[in-house]
Amino acid sequence: METLANEMTLIYSFSHHTANACLFPVCALHHVAVTTVEGIGNTKSRLHPAQERIAKSHGSQCGFCTPGIVMSMYTLLRNKPEPKMEDIEDAFQGNLCRCTGYRPILEGYRTFAKDLNCCGRVANGTGCCRSERENSMVMMSSSLFNSSEFQPLDPTQEPIFPPELMQKQLCFKGERVMWIQPTTLKELVALKSQYPNAKLVVGNTEVGIEMRLKNMLYPVIIAPAWISEMNAVQHTETGVTFGAACTLSSVEEVLRKVVAELPPYKAEVFQAVLEQLRWFAGPQIRNVAALGGNIMTASPISDLNPVLMASGSKLTLVSTRKLLAFPCDTEGSGIVNSPLPWIVRSGQNLKMEGEYFSAFKQASRREDDIAIVTCGMRVLFQDGTNRVEEIKLSYGGMAPTTVLALKTCKELTGRDWNEKLLQDACRLLAGEMDLSPSAPGGMVDFRRTLTLSFFFKFYLTVLQKLSKNYNGTVSAAREVLQSCFTKIPFQSCVLLQEVPRGQAVEDMVGRPLMHVSAAKQACGEAVYCDDIPHYENELYLTLVTSTKAHAKILSLHIVTCVGHIIGAVLADTQEHSRRAAKVVKIKYEELKPIVTIQEAIEKQSFLKSIKRINKGDVKKGFEESDHILEGEMYLGGQEHFYLETHCTLAVPKGEDGEMELFVSTQNPMKTQEFAANALGVPSNRIVVRVKRMGGGFGGKETRNTILTTAVAVAAFKTGRPVRCMLDRDEDMLISGGRHPFLGRYKVGFMKNGKVKSLEVSYYGNGGNSVDLSYGVMDRALLHLDNSYNIPNVSSVGIVCKTNLPSNTAFRGFGGPQGMMIAECWMSDLARKCGLPPEEVRKLNLYHEGDLTHFNQKLEGFTLRRCWDECLSSSSYHVFWSCLAGALVHVYTDGSVLLTHGGTEMGQGLHTKMIQVASRSLGIPTSNIYISETSTNTVPNTSPTAASVSADINGMAVHNACQTILKRLEPIKQSNPKGSWEDWVSCLIPDLGYDFEKNEGKPFCYFSYGVACSEVEIDCLTGDHKNIRTDIVMDVGTSLNPAIDIGQIEGAFVQGLGLFTMEELRYSPEGNLYTRGPGMYKIPAFGDIPTEFYVSLLRDCPNSKAVYSSKAVGEPPLFLSASVFYAIKDAIYSARKDSGLTEPFRLDSPATPERIRNACVDIFTKMVTPSGFTVCSLASLPHMECVCWSQWSRSGIRAGWEGRLWPCLSRWFLFHGHYPSFNMPPNERQIHRPALLGLPLQEGLPYSINEVAVHPSILQVLSIEQKH
């Protein structure tokens, strides 16, 4: 099963470790006992407490991630039966879930912790202290499960380590790879000499990725994990020495003990290593990855190498001749290019008094993420002084390998540790830690700024330890940098309305019933598409896709995106088909691609349907407004990242084109229709089966069909079963995601913040085909108001056609994009008015009975109740049974699939039943098909005997057909001359909306919710911490509060990724950079709010849905925009401290890069914008004079002949094309000034000595006053 390949527990030396089975080689399991989720409990006998608690606490939704989470918890319990809550949170650093929002998982497993927070009564099943504030007249509950029903944990019942597992050297020979596992250092050296090109592998976390994803092949692999010398740990007077095969988790364990025993000043390096390891991947990787391997890969973004280099750690290498001590401070190149085969050990030094050390790392996601920039910093002072005797600054992420800032360190040596040193150090680092504009990894300005920010943090840290006096600004900054990411125990609470008194016990509506598949999912018994056992003679299919975004394949056709499916390869195994697909060579004639919305606008590359919604008199509204604000906002796309990728198994049946498709899809009908069309058979020949999906979120509504049809055609052609499950990188490349949006707005409003008029244009990136883009844009336009009453609206929605994979449905379906842009202008106009944003928002909210901009009346409007409750709680201010039966399916192509209770044994019963249905429906018999008799379609049937089968089953068929005809009657009356195919393909919707007339009813009812979020940002690095979120959601009368709350939390956390973290990066040629979990980061356990409170609005039944409930899957996603705008408010506060009060643009997602770049300060001003070339004036040809631009309250003005008249003592960049600088100033176009930040005296003449040149920008770099 797939769960076996995702998570396991390794037991080595009687200790327990989680590991990723997808990376861990089977050969490396020698001497190891493996426990999978199926081995600890099951539904047939008993569940293990780790399985039971995640199921009963509603911590499993799609269930695909559940076995991995269970095994992480199981491993923790084996090592520590009474863990702390912090241990539980740390154990899940390597696990991801896309459904739950993590809260119910943590709440369920909190019951294992010995340090419960809050009142603890949630765990006892008696309710939370928060519910005591509720109205006693309304029965409210904060408990979704009763932990008193949980089995106790009994460690004595766990399996023991098998004593027969003993060590010895071994060798495995595979089809293309030989694996050798030596047991002594002598054997290792001899093997390395015999196979000099062999790869040495301990954890396989690097080589495994290279072989799996980069098509690398290493014929010989040597595994030294069991060599005693390479696992040894030695404590000496000067430090600690680790064997190169020591895993990072073992290094972490040893150093924790050392730090606890040593004086703080001696343990600073060890503490820095621990801090880096804390955020190094997840436990599953740290448990197997070796220290030596981490060093030898010499990754440019290594977490540990900068620490080792700056601290002066030493490496000991071995060859056939000798051992050699090798210093770590040679910028990595000496290590990598050393002729010696392997590191035996790494020594880390104790520190002395007067010596200080720190390490820093910045990543896109705090947990389990690779670094953007990382560093180690060490300073030694002369005895009793603050004068630098020695300093080392080592950086990762700024060069192909880890680098030392040698020039800066040399200049700082012998200097006093004061603000002058800080200024000079930053200036020197800005020059030395330079990056080319085209540097791999991008984010050039951000990375260069981080080098300065990290040094500032180090400077403050050392200053504090030196106990020097420093001013309030430094003190405040120190407090901010120390408080961000301080570990705070997770807290949460949910509030829901209990079922009414007197409701029957057997009536489960409104009760928190456990997910019916949760127990099966928790113990690995739940069957997903790829878990279906293999058929005899089954083939595996691998797609062949385009590597070009826009090109003509010679002699074939034009491809329109990277990932465009060109063909497929079939083979007997998955591995063989993948290897064959990789050797396919394709010749292209490249064409110019269109990748971004901006490029599409420039080239007018739009899909045809352009929608508009207009209401009121927009022009008059602007005339009556006190203020008019214009701006734009860009929202990036989002990858669905369902845990189960697209998967299809096609099984041909051999008769009449019949085929059975097992598919992970949200849309069986379209899947059936597309497959039937591809095979040229009626829909009634195709059966689509969906047992369950490991997540969908809209990504499996239509996009699965591109895979399913290919697999179906392959099975049809070969007559054999064919299977295909996409890898994560393939899935991300092919399937598309949420539509990126660009919104341009113009809003008129009064001084009190009341909105009068809105003009807005939405541009969506549809990709290379329509798919569902029109529907997404329609929904965005219908949500452009969010919840605000705007009397005058003019809007247009345009879908751009680009050379990206077609974007598709995603949770919210265009609504989040439309609402996000509304909140953008609402936030800015509140700032413009100088009023609290929450007051302006409330002022503009709809009231009961108002008409929306699409002229639908609001009924049952509960939003203001949600608003008030949220502010208060956040302290923010058909079936029948018979002897015979029939089931008749009518498909939209007019074909009919008939099933009845009789069996065919040669008596012609199926033929008779087709005749009955033909007459009853009035259609030809060729339109009707019977596949089989089955009890899952027609239950409780009589035996086919006693000569009555045609009578009873024929009447059942006739009755079923009459039921269908009755349902078709309204359609036939509206089109009496239509054909059968016309009638069955036509639907009469209860809802409809006419964009041209702006009338109709697009929605049956509305869902309402309010969220209040508190965040903390690190202005120096761009990190942010989600402190607290309170949500109040109107779900009507909940059918199942546990599932509804789970949907709210899951949607909120998915939106958290959309607005703050998940960023799809493409090259100008249309290649997706962020392909796979290594580069694309979704929220993890540590990213959810530390305090997470969800309440369901009480007493708000919805009369328009079943049992007064409301749909809740999509609406809560947008509530996470509260986090985005809390971040924007925090940035505004930081900018205000720097004297910047004007509005600023913050696009989504609010990544660390965007947050840091928006927090303008002295460090951002020191970094030359990427893309500039520094040169002297003499190197600029044909320049008769120097042009400059000046900002003033009346606009931008151009200057001439080097005379500078700066306004407000701030210089800005001049935008234009520098080859034509000799044009007169009145003919020059000047736009988009950007801050340079040089303090100049007003009215004095200056000469410009040095400038930076970009294809469209000239920036003054060096300037001096004329005398």
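Any Cβ shown, glycine's included, is placed from N, Cα and C.
Annotation source TrEMBL lists active site, proton acceptor at E1114. If you take the C-beta of E1114 (active site, proton acceptor) and look for same-chain residues 6 or more apart in sequence within under 8 angstroms, you find R811, G812, F813, G815, A1051.
The [2Fe-2S] cluster 1 binding site feature in TrEMBL is assigned to C22.
Summarising the annotation, TrEMBL assigns [2Fe-2S] cluster 2 binding site to C62, C65, C97, C99. Cβ-based neighbour count (10 Å, all protein chains) for C65 ([2Fe-2S] cluster 2 binding site) stands at 26.
Positions annotated as FAD binding site by TrEMBL: L200, V201, V202, G203, N204, T205, E206, V207, F280, D303, K361. If you draw a 10 Å sphere around the CB of E206 (FAD binding site), it holds 19 other CB atoms from the protein chains shown.
Per TrEMBL, Mo-molybdopterin binding site is recorded for Q666, F697, R811, A946. Neighbour list (Q666 (Mo-molybdopterin binding site), Cβ cut-off 8 Å, at least 6 residues apart, same chain): M693, G696, G698, K700, E701, N704.
Annotation comment: TrEMBL describes E701, R779, F813 as substrate binding site.
Per TrEMBL, the feature domain 'FAD-binding PCMH-type' maps to 172-411.
Here the Cβ of R811 (Mo-molybdopterin binding site) has 25 other Cβ atoms within 10 Å, regardless of which shown protein chain they belong to. For C62 ([2Fe-2S] cluster 2 binding site), applying a Cβ distance below 8 Å and a minimum sequence separation of six or more within one chain yields R98, C99, Y642, L643, E644, R692, M693, G694, G695, G696.
Mean pLDDT across the domain 'FAD-binding PCMH-type' (172-411) comes to 85 in this model.
The Cβ neighbour count for L200 (FAD binding site), using a 10 Å radius over every protein chain in view, is 23. In this view, R779 (substrate binding site) is surrounded by 21 other Cβ atoms within 10 Å of its Cβ, with every protein chain counted. Nearest neighbour of C22 ([2Fe-2S] cluster 1 binding site) by Cα distance, taken over the binding-site residues C97, N204, F280, R779: N204. Cβ neighbour count for F813 (substrate binding site): 21 (other Cβ atoms within 10 Å of its Cβ, all protein chains included). Geometry remark: C65 ([2Fe-2S] cluster 2 binding site) versus F697 (Mo-molybdopterin binding site), CA distance 15 Å.
Residues E701, R779, F813 make up the record's substrate site, and a Cβ search at 8 Å around their centroid adds G698, L772, G775, V776, A809, F810, G812, G814 from the same chain. Considering only the binding-site residues C97, F697, R779, K361 (FAD binding site) has C97 as its nearest partner by CA-CA distance. Per the record's binding annotation for substrate, residues E701, R779, F813 show a top Cα-Cα distance of 17 Å. Distance between Cα atoms for N204 (FAD binding site) and R779 (substrate binding site): 47 Å, as a whole number.
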